């Protein structure tokens with residue numbers, strides 16, 4: 001087993017094979033994410049040098065920089081990373097379960113379901129604490145996921161029918177959101193329109209605290225299911241014959257996927273194509289094994305959102321372009337490329 | 001499947017029925033709304049105009065609205081028939097294939113970068129936009145060994161729509177001055193448009209309708225398959241190009257008048273085929289009439305769903321059309 005690192009903690013009880021290349025690629029991605037985060041923290045109307053940002057981060061910066069970095073810029077960067085990681089995780093799970101390289105929660109309307117629920121929550125339950133937003137968005141995503149699955153079910157679900165019906169559901173969801181916006185007061189209207197493109201403009205520490213436990217917990221849960229995703233990728237027949245509980249696993253995995261999507265949408269809105277891009281890049285780099293592709297996808301997702309947000313913030317100052325504009329501008333051509341590459345399937 | 005109206009006599013009677021239905025819906029659209037009026041007021045507005053609020057509403061708001069809905073509905077219905085025949089695809093629609101998004105994107109570019117604001121220019125730009133996106137989607141959808149499939153076309157349409165939409169959003173954020181003008185375009189509505197919008201593009205619509213009906217017979221032949229059509233001596237490329245150009249004319253002019261409105265053209269050809277069978281001429285005529293009726297009805301509905309606000313009619317038609325889309329996607333694709 002060249003290229004693998006074997007760990008046997010406790011000598012007898014357990015052992016892990018770690019793919020050496022995966023480890024160093026993941027570490028590199030993590031370092032790149034951190035580096036971009038530091039640069040992003042320093043950029044803006046007032047520039048702070050990366051060195052000063054690092055000083056602030058370890059608690060040795062001067063007062064003005066500390067205020068600027070910690071209070072104003074950090075929430076946005078942290079939320080961007082969390083949202084990107086959640087989306088990438090959701091995309092990785094979905095591509096594994098649906099076994100279709102074109103599948104992603106935003107293309108299949110799952111993000112749309114989450115935003116319907118989130119906008120409705122903001123509109124009709126103004127007085128309820130905002131803390132409930134992620135679970136509500138999660139609920140919306142889950143319901144849409146089941147609706148999609150049920151509608152696509154006809155003696156089993158074929159990936160193509162799933163995608164086709166997903167496209168329809170996505171359009172319906174955005175129609176419903178537009179309708180809800182019509183009902184809403186003017187102040188909410190602007191926010192809701194941003195929602196549809198995906199933006200992390202004006203987020204606060206409260207937002208970051210709100211989604212942090214969800215993102216971390218759900219990604220860990222997904223990592224625990226890694227073995228099962230790997231088996232799912234082989235197809236129903238093989239996974240059943242090696243003793244996997246295919247339908248139950250698929251149910252749980254899609255549930256985690258919906259939850260991750262809901263988490264991301266509850267703060268960032270529908271940031272398009274991150275969930276499609278990140279897992280593809282990860283798999284190109286280190287191969288399809290889910291256990292190593294998941295963490296790498298998460299870092300790459302975070303990196304994509306961070307870079308896109310940095311461009312969105314800086315390219316046209318003082319105007320803040322929604323980050324979703326940039327992710328779609330990169331993601332849609334990539335989607336077309338995938339369409340081209342899978343043309344004979 | 002056996003058609004509901006099986007002989008010519010019944011079909012003509014059916015057309016008469018739909019004309020009556022359209023007349024009734026037009027009447028309802030004139031009279032009902034936020035300002036309630038009555039039939040007498042509506043007649044008086046033309047015969048004895050006295051400048052009261054009701055009369056102004058009817059003359060300046062409601063009448064253009066009815067005419068817009070009729071013309072645009074007709075265009076969308078016919079465009080849907082042509083598109084479904086041309087791509088041999090039961091789930092073809094101008095919205096799904098990104099034609100609307102392309103037209104809207106080009107209009108936004110024109111406003112933002114070239115400061116264009118004249119009506120005739122908008123129209124031509126909308127034509128150009130739907131033509132470009134239509135060609136791109138068609139090419140992307142035809143990639144691969146098994147040729148054009150509904151799934152590939154739909155996905156290509158979704159990708160082009162996403163791309164056009166994100167570019168459009170970006171430009172709108174950058175250029176706040178254009179937002180008002182553009183939002184007006186993007187909302188997709190037959191109301192709030194002056195009659196000049198319609199009169200500016202009406203000649204194109206008429207031309208497109210006439211070409212569409214002239215094309216009905218060649219398309220009927222084409223539906224039997226490219227090889228058969230060629231064997232019968234048809235120049236298939238010419239027919240396809242003409243049909244494509246007509247679709248662009250129809251969808252471009254309806255976007256120019258009413259903004260992006262989807263799914264009318266998806267639903268009506270199916271209903272029309274259910275009523276009159278597969279003969280393209282009749283399907284086209286019925287699809288046009290049904291399109292007009294559907295759009296008028298959706299427009300009346302849009303006034304009442306969120307009273308006193310108005311739901312964009314594009315939202316209404318999407319909500320009507322999507323369940324239908326899913327139904328067809330489930331049922332129709334196993335055969336082809």
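Cβ coordinates are placed from backbone N, Cα and C, and glycine is handled just like the others.
TrEMBL annotations:
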- B:12-35: transmembrane segment (TRANSMEM)
- B:66-85: transmembrane segment (TRANSMEM)
- B:97-116: transmembrane segment (TRANSMEM)
- B:122-141: transmembrane segment (TRANSMEM)
- B:153-175: transmembrane segment (TRANSMEM)
- B:195-216: transmembrane segment (TRANSMEM)
- B:237-263: transmembrane segment (TRANSMEM)
- B:283-302: transmembrane segment (TRANSMEM)
- B:309-329: transmembrane segment (TRANSMEM)
Under 8 Å for C-beta pairs, could you tell me which stretch among B:122-141, B:195-216, B:283-302 has the largest tally with the transmembrane segment (B:97-116)? B:122-141
For the transmembrane segment (B:309-329), I need the partner stretch with the highest count of C-beta pairs below 8 angstroms, choosing only from B:12-35, B:122-141, B:153-175, B:195-216, B:237-263. B:237-263
Proximity of the transmembrane segment (B:12-35) to the transmembrane segment (B:237-263), 3+ C-beta pairs under 8 angstroms: no
Could you tell me what the rest of the chain brings near the transmembrane segment (B:283-302), counting residues at least six beyond its ends with Cβ under 8 Å? 14-15, 18-19, 21-22, 25-26, 28-29, 32, 65-66, 69-78, 80-82, 189-191, 209, 212-213, 216, 261, 264-265, 267-269, 271-273, 275-277, 310-313, 315-317, 320
Taking the transmembrane segment (B:195-216) as the reference, which of B:122-141, B:153-175, B:237-263 gives the largest number of Cβ pairs under 8 angstroms? B:237-263
